[in-house]
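What Swiss-Prot says about this one:
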type: ACT_SITE; residues: 241; note: active site, nucleophile
type: BINDING; residues: 119, 120, 121, 122, 123, 124, 125, 143, 170, 188; note: S-adenosyl-L-methionine binding site
């Protein structure tokens, strides 16, 4: 049973718009959330995904504000996180409201080249933006919590987002170190979580106004840092999964009071059909849970109309960046390996070398070298030794993508497996082959047109090359429904 703190109810009663009912709000908070997912278009189109899942008993209701988002129904005993299609990265389990901020940031401009996600983990919005960018440009994804950085990296890897650079900093430093560096910034701020009560019945059990006010001070510092990191003419989206004015409108008003006409709020009333139901007088979206039968959420968008003074002197460039640009000979060798042995044409990005490692960075990353320490950049392509190149799992997941079928026609060594074989592979087991043949060496294991990873073809079996940390204890095969 949902427990709503009386102090919270009293506060919300003063803020709830006149056309909305408090009884409807409480009733909505007491209902379970509708299940929702976002199709990962880096790997599969929404239409192809629906055709894949409809025979398995899924039904799809479009989410109005996300072209690739759907409310779904299916056998609720199934643990979707274990589903083969989820492990493959074909979809992300994402609450519908949380799809709003990336949509707001990329509408109407979908051509941002340098984007910052200031508070990224676990990665739903990061990977949504990576798909909207179609793995072009540079997406810097920051997370302050060390344990959550690992989760973020795992999701970026699973979804095949190749143009991300991960950082692990307090978000308040970005205005100083990466001053006016980004075309667009998303800050989905840490918050009181009042909108999440439908999935966490105890979220508001110990709600207090003092804690709200304390959090709002952190949010003000974060939005100011994000604004300073934004280029003039760029767009910033600020969002929370909370409902009170202190953490929402109050934070946006603080920024405008601080920077005056450099802050221009953009109305979101036309973002999607029905957006006006949640639009505030300022043009923000204040999504109460009863409006769209979703989590509570807040989204604001602004344009930075002019440059503003930096608050700190420009930091010195950091030395000893461990990567160097590949020589023409090195670049040609790694390109030939991917093309000839794997049937994959490498994108026209920066090929970088560190010791015997070959990496692929976005071109846009050049401007960021030495300005900040990055946990992870781009994609590790391969290791090189006297025996030649050995491709890395993440490169196959990120770069093979939807091109595998075409790649096979171009000479790629691809082995298509059944669903049962795919399950065995993801659980770390070797796959016996029905007929023995000539050993083919390294091959790409593929299921349903999307890569699972690498294996060594020994003639009578596929020797599993899946990294040990990605081996699953359980893989769910969703059965066809009559």
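Numbers here mean position along the shown chain, with the first residue as 1.
The backbone N, Cα and C atoms fix where each Cβ goes, glycine too.
These figures come from a predicted structure and were not determined experimentally.
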Between the Cα atoms of residue 170 (S-adenosyl-L-methionine binding site) and the residue listed as 'active site, nucleophile', find the distance and write it as a whole number of Å.
20
Whole-number Å distance between the CA of residue 121 (S-adenosyl-L-methionine binding site) and the CA of the residue listed as 'active site, nucleophile'?
14
With every protein chain in view, what's the tally of Cβ atoms within 10 Å of the Cβ of residue 123 (S-adenosyl-L-methionine binding site), excluding that atom itself?
27
Nonlocal neighbours by CB distance (under 8 Å) for the residue listed as 'active site, nucleophile', same chain, sequence gap 6 or more:
97, 98, 191, 193, 194, 195, 196, 295, 296, 297, 298
Just to be sure I understand the packing, how many Cβ atoms besides its own are within 10 Å of the Cβ of residue 125 (S-adenosyl-L-methionine binding site)?
27
With the S-adenosyl-L-methionine site defined by the record as 119, 120, 121, 122, 123, 124, 125, 143, 170, 188, how many Å span the farthest pair of C-alpha atoms?
20
Cβ atoms near residue 170 (S-adenosyl-L-methionine binding site) (within 10 Å, other residues, all chains):
12
Which same-chain residues, if any, lie at least 6 apart from residue 119 (S-adenosyl-L-methionine binding site) yet have Cβ under 8 Å of it:
142, 143, 144, 171, 187, 188, 189, 190, 222
